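Trainee: Can you read through this structure? Questions will come right after.
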Amino acid sequence: MLGSLLLLAPLAGAAVIGSRADTQQCPGYKASNVQENDRSLTADLTLAGKPCNTYGTDLHNLKLLVEYQTDERLHVKIYDAEERVYQVPEKVTPRVDSGDGSSKDSALKFEYEEEPFSFTVKRDDEVLFDSSAENLIFQSQYLKLRTWLPENPYLYGLGEHTDPLRLSTTNYTRTFWNRDAYGTSANSNLYGTHPVYYDHRGESGTHGVFLLNSNGMDVFIDKTADGKQYLEYNALGGIFDFYFFTGSNPKEASIEYSKIVGLPAMQSYWTFGLHQCRYGYRDVYQVAEVVYNYTKAGIPLETMWTDIDYMDRRRVFSLDPDRFPLEKMRELVGYLHDHDQHYIVMVDPAVSVSDNGAFNRGLEQDVFLKTQNGSLYKGAVWPGVTAYPDWFHPDIQDYWNSEFSTFFNAETGVDIDGLWIDMNEASNFCPDPCTDPERYSSENNLPPAPPPVRSSSPRPLPGFPADFQPSSASRSQKRIVKAKVGLEGRDLLNPPYKIRNEAGSLSNKTINTGIVHAGEGYAEYDTHNLYGTMMSSSSREAMQYRRPEVRPLVITRSTYAGAGRDVGHWLGDNFSKWEHYRISIAEGLAFASMFQVPMVGADVCGFAGNTTEELCARWASLGAFFTFYRNHNEIGNIGQEFYVWPTVAESARKAIDIRYRLLDYIYTSFYKQSQTGEPFLQPVFYLYPEDENTFSIDLQFFYGDAILVSPVPDKGLTSVDAYFPDDIFYDWYTGTPVRGHGANITLSNIDITHIPLHIRGGSIIPIRSSSAMTTTELREKSFQLIIAPGLDGTASGSLYLDDGDSLEQKATLEVEFEYRKGVLHIDGKFELHASLVESVTLLGQGKGGSRARREDGTKKTIQTNLELSKPTEIKLE
């Protein structure tokens, strides 16, 4: 079935738009028929007085379900008794098993008051959540619940945003309504929705609260007039579907969250190399020239990307026949593959409404969104008038698979290695109400005019094929009443309660929220925030359909909770400003550690506006210490490829040299997160959870457990005041010990091509003996081990290796390293042949043997030439 555009009147009895103050008079609910056992609790909730109908009609009868799912997780669900109210579909967010937990073993305790109904969640008698702050409201188009918080709480999460890592607790609003957020402005809703917050309470532990609800929502964090701290949910629909989870520290809490939304997808080895892109490469010759220039500059380029420039008039699944002809594109991709490099292009969701294959086939299969009268729902984006795929349509995956397998066919098409999906909030340039997308497209020059055609490259590109050298010469869908799909009679376009959407009305610059999707009949009003994540999962499946044996890399702009199961995320259309250089750290940390989307990074050097040599040099270093490392900028701005400026080129070479030597450390840690949820990129407080000085740090971070990154934060600076917790660290470059005492240390004379790095004591890091121009070449290099003893003189680390690409591995290497009392112990699973460990470097003071070589008295290196094939012990002192 297809979608329809419904203009529905509000439910009978609903009041006109009220105010937040009106809700304080609502009666709340009374609990009755309470049934309780060791594993669960159920109850009926009945409206406790006269309906207030503030932003819709109060629902009289609700249900309460409480499940002690595990010792660390509690599920609390409040929903309508008839189960007609919309709930997030299980196909989007698969539900975790109810588990075998019990109230007597659980670290979390549920308690309630019958009238007015409220509940608390406690951990060891400490109140974590207390909904008695105000009466519960459950209306047809408005849900409200407020919880008390402790004074001056340390809260994190509630993404996507570009605010500080630690959330403000005064007059702060987080709005969930995915939008095309050019410029990624602070204090506004951005591309993704992650309705989870973490509350870190130092020694007593960390807990999280995840609300499984995809409706538009405001979350307020503020104080009452008498100074009491609270957090308040205000949603446009859905139900209260809470998951409370706890850990003794923030890292454990993040692991618990991964058990709810799913573990992140493992990525291929090559994806951790350097990526280069730009919106505005004029033709295939310029793309080839960029590849050549990177090689000439000695800067390792792993993957070349192309934005929508490659398309014929910006139409998806098409090639510009003059600027990106098929035969030249196949030659370009062939060249990259022959040189162990990779290629990625962008695909947007919107399909041009014109005589083209992708549109005609989609129209024939009836997989696009439609209006109530059976006509095609149309918007306007880059190609002009567009149709939108309906990700709920039962045939959409077949359509998407077919388009991918045809256009990206290895034998006849553009054989891409990964995928970039954009504009999937979904974006619509045509303002609401978009009554004439044809006129809007015409008046706004959509699609934009392409650049002049060139018949060949303007200069020789040695090594490229001869062609790259300079030339010598109808039906409608009515709404069906089903369980958990949504109440009838709601105003899906202008709900009484107005969330603080930066774009204005719900439908402005996006798909009309009155659309009803195919299949079960979900409304866009309820599922808007799922559009990008549904495109993500369909695109991952389509990539896997054409290459079923390998891990598909898909990078998306729009996300919802759990998106990391399928995709990685880049942080959107930022600016080439120092402010955005800095905020990329906090935003990236939130995605990687708190939202379980670990493949993440910003547009290095900035997307919008002209970057500067200094900013780009610093950012080239910083970007190397994210998992996803891509230089990308906008059409019309100056070029910012790393080779453009000598200092930027040098900064990139130095940073990539370190990154590539660390690539197996990165790969090992990323694999661990894909298996257990243990974060790789981490805020400082994740490793020092009892040091309150670390709780607000978001300009330093840990690259895995072992490496502290302390970037220079601003223009013109050559020093940074870096915080060192009470621990031992070692300078990455010199091995010099740095004894932290829980205070800042000023690091001075930091060259523009340098980024301060310190190894955390207690770590063993496997590195490659040298860098390489590609990750394929890198995998042939031998290993070295760096041992950085902790304050107790011990250290540990691990190494995971596989073939680097396959979904199913035939053999792996999983090695554990331990150093204690002068002896290195190596144990594990040795199925896969690995390169030799040519040397072991021991940092810190110590007595060396006859094979030891000292450097400034701070480290010694022992040549080993050890084969990682069996358990081994090596005496180092």
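Please read every residue number as a count from 1 along the shown chain.
Each residue, glycine too, has its Cβ placed from N, Cα and C.
Keep in mind that what you see is a predicted model, and the values were worked out from it rather than measured.
Found this in Swiss-Prot, in case it helps:
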{"type": "ACT_SITE", "residues": "D573", "note": "active site, proton donor"}
{"type": "COMPBIAS", "residues": "447-463", "note": "compositional bias 'Pro residues'"}
{"type": "CARBOHYD", "residues": "N171", "note": "N-linked glycosylation site"}
{"type": "CARBOHYD", "residues": "N293", "note": "N-linked glycosylation site"}
{"type": "CARBOHYD", "residues": "N373", "note": "N-linked glycosylation site"}
{"type": "CARBOHYD", "residues": "N508", "note": "N-linked glycosylation site"}
{"type": "CARBOHYD", "residues": "N574", "note": "N-linked glycosylation site"}
{"type": "CARBOHYD", "residues": "N610", "note": "N-linked glycosylation site"}
{"type": "CARBOHYD", "residues": "N744", "note": "N-linked glycosylation site"}
{"type": "REGION", "residues": "432-476", "note": "region 'Disordered'"}
{"type": "SIGNAL", "residues": "1-14", "note": "signal peptide"}
Trainee: Restricting to the same chain and to residues at least six past its boundaries, which positions have a Cβ under 8 Å from a Cβ of the compositional bias 'Pro residues' (447-463)?
Mentor: 282-283, 285, 288-289, 292, 295, 313-315, 320, 322-323, 335, 382-384, 469-471
Trainee: Given the glycosylation sites N293, N373, N574, N744, which one is most crowded in terms of C-beta atoms within 10 angstroms?
Mentor: N574
Trainee: Do you know which of the glycosylation sites N171, N508, N610 has the most other C-beta atoms within 10 angstroms of its C-beta?
Mentor: N508
Trainee: Where does N744 (N-linked glycosylation site) sit in DSSP terms: helix, strand, or coil?
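Mentor: Strand, per DSSP.
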Trainee: Treating G and I as helix alongside H, and B as strand alongside E, what does DSSP give for the region 'Disordered' (432-476) in helix, strand and coil?
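Mentor: Across the region 'Disordered' (432-476), the residues distribute as 10 helix, 0 strand, 35 coil.
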Trainee: What's the CA to CA span in angstrom from N508 (N-linked glycosylation site) over to N610 (N-linked glycosylation site)?
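Mentor: Taking the Cα atoms only, N508 (N-linked glycosylation site) lies 29 Å from N610 (N-linked glycosylation site).
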Trainee: Have a look at the recorded positions D573, N574, N610, N744 and say which one has the shortest Cα distance to N373 (N-linked glycosylation site).
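Mentor: Ranked by Cα distance from N373 (N-linked glycosylation site), first place goes to D573.
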Trainee: Just counting, how many other CB atoms are there within 10 A of the CB of the residue listed as 'active site, proton donor'?
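Mentor: A 10 Å sphere around the Cβ of the residue listed as 'active site, proton donor' contains 21 other Cβ atoms.
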Trainee: Whole-number Å only: compute the distance from the Cα of N610 (N-linked glycosylation site) to the Cα of N574 (N-linked glycosylation site).
Mentor: 12
Trainee: Measure from the CA atom of N171 (N-linked glycosylation site) to the CA atom of N574 (N-linked glycosylation site) and give the result in Å, rounded to a whole number.
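Mentor: Cα of N574 (N-linked glycosylation site) to Cα of N171 (N-linked glycosylation site) measures 25 Å after rounding.
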Trainee: Rounded to an integer, what is the Cα-Cα distance in Å between N293 (N-linked glycosylation site) and D573 (active site, proton donor)?
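Mentor: So the alpha carbons of N293 (N-linked glycosylation site) and D573 (active site, proton donor) sit roughly 25 Å from each other.
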Trainee: For N610 (N-linked glycosylation site), just give me the three-state DSSP call.
Mentor: coil
